[in-house]
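Asks: The following block contains the structure, expressed as structure tokens.
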Amino acid sequence: MTVEWLAEQLKEHNIQLTETQKQQFQTYYRLLVEWNEKMNLTSITDEHDVYLKHFYDSIAPSFYFDFNQPISICDVGAGAGFPSIPLKIMFPQLKVTIVDSLNKRIQFLNHLASELQLQDVSFIHDRAETFGKGVYRESYDVVTARAVARLSVLSELCLPLVKKGGQFVALKSSKGEEELEEAKFAISVLGGNVTETHTFELPEDAGERQMFIIDKKRQTPKKYPRKPGTPNKTPLLEK
């Protein structure tokens, strides 16, 4: 009864899973495994591991950041929808946009959202570098990303999308602190300021996680993000 395990874990953080939410997570797992057979969405397919390392891991940021408010979230490179779809299931009032460079993942997300009957979600097939130059630049309350690149690179992809006064919530595994040191220059150049750092353990010794909350204090200079591929090849680092 893996969804019951998730419910028990969340109860320890004063979060109650409704019957509807339980059904949504069960459907999410079923579709993830079905679609994963025809496209590579995740290397984690064991049911308990998905609930622990994808679902619980995606919801854990809400222990430290208030997602229970009507805010717009952009999730950069969410793959199979992590963390934003589990957060949307838990906090239905969120307005969620996912940007991903692989169209097959967007097809999965569209089908998933339809099956889960999610409202106020949109999935955009684009590179984050291009998306951050367009009409959505500096338009989101919160931008999130879960370990898709080093923090110096992620900051250039994500901070341009955050509105002034909003937050970039970066989710990393255990090496986050050294990445944060390296990324401080880029964060400052891009208009951000690190305001909170949280370190926590997943249940069952499944690993350490770090979460950085970066406030958007100033507008990002127009030249950022640079053209696709450049942030990854030559990250913004202090010379």
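FYI, residue positions are counted from 1 along the chain as it appears here.
Yeah, the Cβs are placed from backbone N, Cα and C, and that goes for glycine too.
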Asks: Going by Swiss-Prot, Gly77, Phe82, Ala128, Glu129 bind S-adenosyl-L-methionine; tell me which of Arg146, Arg150 is listed for that site too.
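Replies: S-adenosyl-L-methionine site check in Swiss-Prot: besides Gly77, Phe82, Ala128, Glu129, the record includes Arg146 out of Arg146, Arg150.
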Asks: By Cβ count within 10 Å, point out the most packed of the binding-site residues listed: Gly77, Ala128, Glu129.
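Replies: The residue with the densest Cβ neighbourhood is Ala128.
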Asks: Going along the chain, which residues six or more apart from Phe82 (S-adenosyl-L-methionine binding site) have their CB under 8 A from its CB?
Replies: His54, Asp57, Ser58, Arg146
